[in-house]
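Q: According to TrEMBL, the transmembrane segment annotation covers 12-31, 139-157, 166-184, 190-211, 223-245, 251-267. Taken from TrEMBL, the feature domain 'Major facilitator superfamily (MFS) profile' applies to 90-268.
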Amino acid sequence: MRFEELLVEVDGFGKFQILIFFLLCLPRIIIPWHFLLHNFISAVPPHHCALPNLISFANLTQDKILLVSIPRGDDGTFSSCEMFSEPQFHLLVNSSQELVNGSSIQSCHQGWVYNHSQFISTTFQWDLVCEKRSLNQTIATFFFIGVTIGAVIFGYLSDRFGRRKMLLLSFVVMVIFGALSAFAESYFMFVVTRTLCGVGLTGMSIISLTLGVEWTDVKHRTFCGTISGISWTLGYMILALVAYLIRDWRWLLMAVTYPGLLIIIIWW
C-alpha cells in the first residue's frame, strides 16, 4: 500500500494533519519578512555632501548654506553626490548656475549628511551612496545567492537525513545568522551573515512546503497550497506594519529574526 493510500485510510486531513499544517504555516509567515527586508533596512535616506564649517557661513540659515554649497539638478533638487569646491555666494541673489571664484563641482570628499527623521538604514551605516551605491544592491544579491545555495543543500540533506531534523537545522541557521547580521559592525560581516541567513530561510521554505504536501491527502493538497500562499501574503502585511513601527535597521532585523526561536521550541 502506498503512503498516499494509507493517508486516505486514516483520514488524510484529520486533526493530526491540521495541527502539522498549522505549525508549517508559521515559518511561511516569517520567510517573506527576510525576503523583502532589504527594501526597508537598505532604503536610501535623503542626503547631501558634508560641508566644511566655514566662518562665512555663520550668518546663513541651513537652506542658504546648501544653496551656495550644493549644485542643483535639472529638477531643482540639491545634488546628493556633488558639491562646489568653493561657496557660490552669488547664488543668494542670482539664480545663475555659472561658477565663480575659480570654483568647480567635485564629489563629496568629507562624507555625507543624512536625514534620519524617517528611518536609519544600512545605507547610512556604511555610506552606501554615490560611488558605493552598487554595494547596497550587492547585499540583496548575495542574500539570494544564499537562497539558491540553500535550496540545493537542504533539498539534498532533507532527503538523506529526514525532513524534521533539517527543518530544525534551517530554523537554527536562520536565527543565528539573522541575529548576527543585526550586530554586524562591518559591511563584509553583514553581507556574509545575510547570505548564510538566506541559506537557512530556503531550508525553511522548501521543507515546510514538502512536508505540507506529504502529510496531506491528494484531495486537500490544493486547499493547503492556497492557505500556504495566504500565510506568505500575511507575512508581507505583517512586515509592512513592523517596518512602520521600527525604523532602526538593527532593531528591525532582530524583530523579524527572534520569532524563529519560538518556532524552534514548538518544533523541538
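Using N, Cα and C of the backbone, Cβ positions are placed for all residues, glycine too.
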Q: Can you tell me which of 12-31, 139-157, 166-184, 190-211 gets the most C-beta pairs within less than 8 Å of the transmembrane segment (223-245)?
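A: Answer is 12-31, with the largest number of Cβ pairs below 8 Å.
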Q: What residues in the same chain, six or more past the boundaries of the transmembrane segment (166-184), come closer than 8 Å to it by Cβ-Cβ distance?
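A: Distal contacts: 27, 34, 150, 154, 157-158, 190, 193-194, 196-197, 199-204, 207-208, 211, 250-251, 253-254, 256-258, 260-261, 263-264, 267-268.
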Q: Which stretch from 139-157, 190-211, 251-267 shares the most C-beta pairs under 8 Å with the transmembrane segment (12-31)?
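A: Against the transmembrane segment (12-31), the leading stretch is 190-211.
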